[in-house]
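Below is one structure; the comments refer to it alone.
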């Protein structure tokens with residue numbers, strides 16, 4: 001039997017002592033344990049607490065947590081695994097309002113991404129499933145998930161009022177062949193908080209492509225491409241506003257604190273703050289702002305269609321490797337304005353001779 005509704009049993013036992021509750025109330029209180037995706041699909045609508053016990057998701061299927069009843073709690077218990085197939089995914093999808101997703105002690109979500117890794121990520125080779133779609137997961141919380149070896153792209157976030165706390169994404173086994181393993185991609189979202197994330201990966205630890213009122217704090221990012229705004233431009237939504245990245249470490253990564261916008265595009269990046277961010281072992285740029293991205297690559301020729309204003313870099317400190325560049329700022333004419341630059345110190349690398357249109361107060 002794939003699931004059990006414990007509250008219905010309790011309600012039956014207590015019938016002689018209390019008046020019977022309406023059926024709708026019983027359904028709302030029901031607690032269900034599922035051991036298969038088929039049982040989850042057919043039974044989730046009647047459950048207010050869902051426990052996923054040692055789920056083995058069949059190849060080519062999504063663990064479907066969409067359309068959950070308002071206020072549902074989902075608990076990952078034991079080890080969650082996924083069958084192998086070349087497809088786009090996602091491996092997990094969740095939506096709903098006032099949802100809590102968490103994990104029991106000792107639990108883990110093991111994607112076994114090595115089966116897909118070929119060094120090409122999403123740019124060719126095997127078709128790789130994305131990990132977790134958090135679209136329309138509103139006024140909700142994701143707490144304490146431990147995730148291992150995603151094939152490509154981690155959490156895709158398009159939600160409002162979503163808090164993600166104390167999540168581990170450990171793709172350290174993909175150092176050689178893992179690629180495009182972004183941890184958190186945020187787009188068209190408002191009031192997103194990511195607190196206490198620990199990430200070992202091979203791409204952006206955080207990438208905010210659009211959205212407002214976004215906080216990333218107390219993070220640890222190792223091995224990837226750093227904490228990024230962008231690239232901004234060329235999408236339906238090209239506005240980033242009020243983003244705070246604070247009290248975080250970026251270790252052994254390609255970049256540290258980064259803002260990048262698309263060549264020839266329009267949009268805006270405003271109210272972004274990098275505060276108390278420490279760097280170590282950065283291999284390309286410690287602090288970087290570039291307005292020259294075309295087809296995903298820098299051109300060296302910045303444009304000014306995306307305004308980058310009211311930006312704060314405060315106490316971004318640490319070291320890069322000797323072959324890296326401490327700070328690189330490449331702005332379009334007049335597009336980078338009203339920056340606050342305070343207490344930043346990036347050392348160990350080269351000084352750039354290619355900076356352009358550096359705003360007043362900043363240094364390059």
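Heads up, the Cβ atoms here are built off N, Cα and C, so glycines get one too.
The shown structure was predicted, so the numbers you read here are calculated from the model rather than taken from an experiment.
What Swiss-Prot records for 1-20 is signal peptide.
Taken residue by residue with DSSP, residue 32 (disulfide bond) is part of a strand. The disulfide bond annotation in Swiss-Prot covers 32-47 (among others).
Residues or ranges marked as N-linked glycosylation site by Swiss-Prot on the basis of sequence analysis: 138 (among others). For the recorded site, residue 138 (N-linked glycosylation site), the DSSP three-state label reads strand.
Annotation comment: Swiss-Prot describes 159-188 as repeat 'PbH1 1'. Looking only at the repeat 'PbH1 1' (159-188), the predicted model's pLDDT averages out at 99.
For 189-210, the entry in Swiss-Prot reads repeat 'PbH1 2'. DSSP assignment over the repeat 'PbH1 2' (189-210) gives 0 helix, 12 strand, 10 coil.
The active site, proton donor annotation in Swiss-Prot covers 203. All protein chains shown were included, and the count of other CB atoms within 10 Å of the CB of residue 203 (active site, proton donor) stands at 26.
Cβ neighbours within 10 Å of residue 205 (disulfide bond), excluding its own Cβ and spanning all shown chains: 31. Annotation comment: Swiss-Prot describes 205-221 (among others) as disulfide bond, evidence class similarity to another entry.
Under the heading repeat 'PbH1 3', Swiss-Prot lists 211-231. A Cβ distance under 8 Å defines the sequence-distant neighbours of the repeat 'PbH1 3' (211-231), meaning residues of its chain 6+ beyond its ends; these are 171-172, 175, 181-184, 186-205, 237, 239-262, 269, 272, 274, 277, 282, 293, 296.
When other Cβ atoms within 10 Å of the Cβ of residue 225 (active site) are tallied across all protein chains shown, the result is 24. Swiss-Prot lists 225 with the feature active site, giving sequence analysis as the kind of evidence.
Look at Swiss-Prot and you will find 240-261 tagged as repeat 'PbH1 4'. Cβ atoms under 8 Å from those of the repeat 'PbH1 4' (240-261) belong to residues 205-206, 208-233, 267-291, 293, 306, 308, 311, 313, 316, 318, 320, 346 of the same chain, restricted to positions at least 6 beyond its ends.
Annotated repeat 'PbH1 5' per Swiss-Prot: 269-291, in sequence order.
If one looks beyond the repeat 'PbH1 6' (303-324) by at least 6 residues along the same chain, the residues whose Cβ comes under 8 Å of a Cβ in the stretch are 232-233, 238, 250, 256-257, 259, 261-287, 289, 291-292, 331-350, 362. Positions annotated as repeat 'PbH1 6' by Swiss-Prot: 303-324.
Under the DSSP three-state reduction, residue 331 (disulfide bond) is assigned to coil, being neither helix nor strand. Marked as disulfide bond by Swiss-Prot: 331-336 (among others).
The C-beta environment of residue 338 (N-linked glycosylation site), restricted to residues of the same chain at least 6 apart in sequence and closer than 8 Å, consists of 309, 310, 311, 359. Marked as N-linked glycosylation site by Swiss-Prot on the basis of sequence analysis: 338 (among others).
The disulfide bond annotation in Swiss-Prot covers 355-364 (among others). If you draw a 10 Å sphere around the CB of residue 364 (disulfide bond), it holds 19 other CB atoms from the protein chains shown.
For residue 364 (disulfide bond), the spatially nearest entry among the recorded positions 47, 203, 221, 331, 336 is 331, judged by CA separation.
A coil conformation is recorded for residue 47 (disulfide bond) in the three-state DSSP classification, outside any helix or strand. If you measure from the Cα atom of residue 205 (disulfide bond) to that of residue 225 (active site), you get 7 Å.
The recorded positions near residue 32 (disulfide bond), taking a 10 angstroms Cα-Cα threshold over the set 138, 203, 221, 331, 336, 355, amount to none.
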